[in-house]
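Colleague: Take a look at what TrEMBL says about it:
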COMPBIAS  93-103  compositional bias 'Polar residues'
DOMAIN    49-492  domain 'Major facilitator superfamily (MFS) profile'
REGION    77-108  region 'Disordered'
TRANSMEM  44-70  transmembrane segment
TRANSMEM  119-139  transmembrane segment
TRANSMEM  146-166  transmembrane segment
TRANSMEM  172-195  transmembrane segment
TRANSMEM  207-225  transmembrane segment
TRANSMEM  237-257  transmembrane segment
TRANSMEM  288-306  transmembrane segment
TRANSMEM  342-363  transmembrane segment
TRANSMEM  375-394  transmembrane segment
TRANSMEM  400-422  transmembrane segment
TRANSMEM  434-457  transmembrane segment
TRANSMEM  469-487  transmembrane segment
């Protein structure tokens, strides 16, 4: 099969009919001729990596800071009767808690109950829901660099106002967190739209998993750092430092990044030609109109939406509520809490990056089809973590076992980064940003509901309540894995093909 000018290896007739078609040797030779190390596309991946590290630092800082923001004396007086008999507080932990929960003189504390805390932790996702689809659509039309950079910058500026809004009251803080989510909602769809123009098909998994792995890395760094800052400087300093880091990153982003290879001032001609030719017509921006009805009735798209919602239920449950579990049930002090809460994200980060490299190697060596790779990695990344979440429910008061099982669950969850989480660019490269906006909109619903449900199920701070939380997350995740294995695919859909490709198919 000869690659026609202007058409990519993922837009040929054979790939449309059968995604097990061998990858072209010419494209593999081009990869060797244009090494990825120090290339502009790798620099873009690095900038995105640090950008999403900042994004998740901005997102999770409240989870740990909440422990220091809430008046621990009031909470303990209302809940001691529920927790003391189940998981006794070690003497050294009790002493450390009395010290680590203390804030420098003049730092305010608030009397928020568990339901209020759940609402505040979920507030971010109320705003996050509304800008996913517009952000993906506009990024696909005009390019994603402005939306990604602007989203991070706007969220960072709002984060600087967190201490002030908390002093004004819980309702003000809820509104501010919702606005932060509104600004940050465009970031992931913008990333997908940019990779649709930058990532050669045989490098998609490693480039996209590396850049998005910044989120796990950001959570890993932000959680212990937040605990340290809370203890030494007071919880307001957490939001000032995170907001400042976001503003600094945005400066470098707008200086160094371009929407596509054609407009980048420092890219080599060889790398530019390689990217443009490998993507073909699928690497161009889409027009004003998108095939909305075809998307709505697309089974492969729903095969992405449902598993992402299921996976995100577990992810957001841990992201927003794990520090609370380690505080109220396992009784780790603030610094232990923040460090141990970060371990699952370290494991998830390492495994997600490795999964991208492994997935691309399987495709380059023609060992598996795109569909098979996505299904295998999704099943490993959703079903096996569910097994360990069930195990967490049986750990009782053992902090060592709980942290071990949670870390193993998050590590295996990293495999889904090379599965369902990049499947949008497989089935519709031109509309990848819009599709990610759609799937992330649905995927954000668990971010709104999970903290509220967790707050309701654990209002008595009991081991039994948290056991039900982990079991619910496990069941939802396992269902998502099975659903994707049945209905998922890696083929480009007919409604996503360009007019040029359709005309070629007719004459072929």
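In case you wondered, yes, glycine gets a Cβ from its N, Cα and C as well.
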Colleague: If we call contact 3 or more Cβ pairs under 8 Å (sequence gap 6 or more), are the transmembrane segment (375-394) and the transmembrane segment (119-139) touching?
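Modeller: Answer no, regions not in contact.
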Colleague: Give the nonlocal contacts of the transmembrane segment (146-166) in its own chain as ranges (CB under 8 Å, at least six residues past its ends).
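Modeller: For the transmembrane segment (146-166), the nonlocal Cβ contacts are 48, 51, 54-55, 58, 61-62, 69, 108, 110, 131, 135, 138-139, 172-173, 175-176, 179-180, 183-187, 189-191, 194, 235-236, 239-240, 242-247, 249-250, 253-254, 257, 259.
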Colleague: Which bits of the chain, at least 6 residues beyond where the transmembrane segment (237-257) starts or stops, bring a Cβ under 8 A of a Cβ in it?
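Modeller: For the transmembrane segment (237-257), the nonlocal Cβ contacts are 43-44, 47, 50-51, 54-55, 57-58, 61, 64-65, 145, 148-150, 152-153, 155-160, 162-163, 222, 226, 229-230.
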Colleague: Establish whether the number of Cβ pairs under 8 Å between the transmembrane segment (434-457) and the transmembrane segment (342-363) reaches at least three, counting only pairs separated by 6 or more residues.
Modeller: no
Colleague: Would you mind listing the long-range same-chain contacts of the transmembrane segment (44-70), meaning Cβ under 8 Å and 6+ residues beyond its ends?
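Modeller: Sequence-remote neighbours of the transmembrane segment (44-70) are 101, 103, 109-112, 117, 120-121, 124, 148-149, 152, 155-156, 159, 162, 166, 177, 180, 184, 187, 191, 194, 198, 207, 210-219, 221-223, 226-227, 230-231, 234-235, 238-239, 242-243, 245-246, 249, 252-253, 256-257, 319-324, 327, 334, 337-338, 341.
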Colleague: Tally Cβ pairs under 8 Å between the transmembrane segment (207-225) and each listed stretch (288-306, 400-422, 469-487), then give the stretch with the top tally.
Modeller: 400-422
Colleague: What residues in the same chain, six or more past the boundaries of the transmembrane segment (172-195), come closer than 8 Å to it by Cβ-Cβ distance?
Modeller: 44, 48, 51-52, 55, 58-59, 62, 119-120, 123-136, 138-140, 143-145, 147-148, 150-152, 154-155, 158-159, 161-162, 165-166, 204, 207-208, 211-212, 259-260, 424-425, 432-437, 440, 444
Colleague: I'm a bit unsure how to read this: which one of 119-139, 342-363, 469-487 has the highest number of Cβ pairs shorter than 8 Å with the transmembrane segment (288-306)?
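Modeller: Ranked by Cβ pairs under 8 Å, first place goes to 469-487.
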Colleague: Where else in the chain does the transmembrane segment (469-487) make close Cβ contacts, counting only residues six or more beyond its ends and a cut-off under 8 Å?
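Modeller: Result: 299-300, 302-304, 306-311, 313-314, 317, 321, 325, 375, 378-379, 381-383, 385-387, 389-390, 392-393, 419-420, 453-454, 457-458.
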Colleague: I'd like to know the mean pLDDT over the domain 'Major facilitator superfamily (MFS) profile' (49-492).
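Modeller: A mean pLDDT of 84 is what the model gives the domain 'Major facilitator superfamily (MFS) profile' (49-492).
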